[in-house]
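Sequence annotations record features per position, and here TrEMBL assigns domain 'G-protein coupled receptors family 1 profile' to 42-295. As annotated by TrEMBL, transmembrane segment applies to 27-50, 62-83, 103-125, 145-169, 202-224, 245-265, 277-297.
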Amino acid sequence: MGCTPNASHSPVFLLLGFSRARISPNLLFLLFLAIYLATIMGNVTLVLLISRDSRLHSPMYYLLRGLSVTDMGLSTVTLPQLLAHLVSNYPAIPAARCLAQFFFFYAFGVTDTLVISVMALDRYVAICDPLHYHSVMNRRLCARLLALSWMVSIVHTMLHVGLLLPLYWAGDAKGSVNLPHFFCDHRPLLRASCSDIHSNELAIFLEGGFLMLGPCALIVLSYVRIGATILRLPSAAGRHRAVSTCGSHLTMVGFLYGTIIWVYFQPSSQNSQEQDMVASVMYTAITPLANPFVYSLRNKDVKSALHRLLGWGKVISLPKSHFG
């Protein structure tokens, strides 16, 4: 597709993802407001519990706290703007702010996937080598793995932002470009561009694919070893306890990676814009909402910590932290 003379590097984008929704904007506003508030409340509560209660000062909860922070960032990058646009007759976003949203969305989103893969490594050490768990997965290593996740995510994001900067978008008479999405995501921006986007798509499949394949391989290999270890446990109670510690993590792995692969790693002709947007809602709104509840509701340690924080449980002395 060629560019017209009025094509620009910096148009105004109109985010029209929910403009044709059958549900009224007011109802959508209330729905996404409830999702956003519940997401922030759930993740803030989890962060406070892990920070305040020394019984939760173990590597697994340290990583879970990092995941909660990235989940709050991921939701905050997209949902407040969506709420503002649902009550606006002109859901516009300038190009500079659009690229800024793209940068932070990608940075938080990629970090989220990397932290989840690090959590798989944590479960592998905990189940397959429990005697050395606290010496291997110590606080210093966890901090380094979280920092590495952020560094890889930022470099990855800067690459894709750099590939977007040379592109042109052909707008209407007012210079506006319609995006059938609710935030500045990769696929809608590329579809709307009139420039050659082959290098962008190649980067998504090669560099982005490698970035997805590495964590996926780590998760798969970790759980293959975990499964083999669980099958060798002598007691049914031990096997059930080991499976229960991994069930929540596996649920969110399938949910998050499944939707990301659906949106970004299918050929454009294979999935519609509506399907992309539904999948995007799942990993930008539902996954950050579900994470604190999925990881907490079946976790006795977290529920006990919440009871102590609210004063429902008997006050007893706290043991020394597991972190060295």
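In case you wondered, yes, glycine gets a Cβ from its N, Cα and C as well.
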Tertiary contacts of the transmembrane segment (245-265), as residues 6+ beyond its ends and Cβ separation under 8 Å: 109, 112-113, 116, 119-120, 123, 126-127, 185-187, 204-205, 208-209, 212, 216, 219, 223, 226, 271, 275-276, 279-280, 282-283, 287, 290-291, 294-295, 298-299
Mean of pLDDT values spanning the domain 'G-protein coupled receptors family 1 profile' (42-295): 85
Which of 103-125, 145-169, 202-224 contacts the transmembrane segment (62-83) most, counting Cβ pairs under 8 Å: 103-125
Outside the transmembrane segment (202-224), six or more residues from its ends: residues with CB under 8 Å to it: 110, 113-114, 116-117, 120-121, 123-124, 152, 156, 159-160, 163, 186, 246, 250, 253, 257, 260-261, 264-265
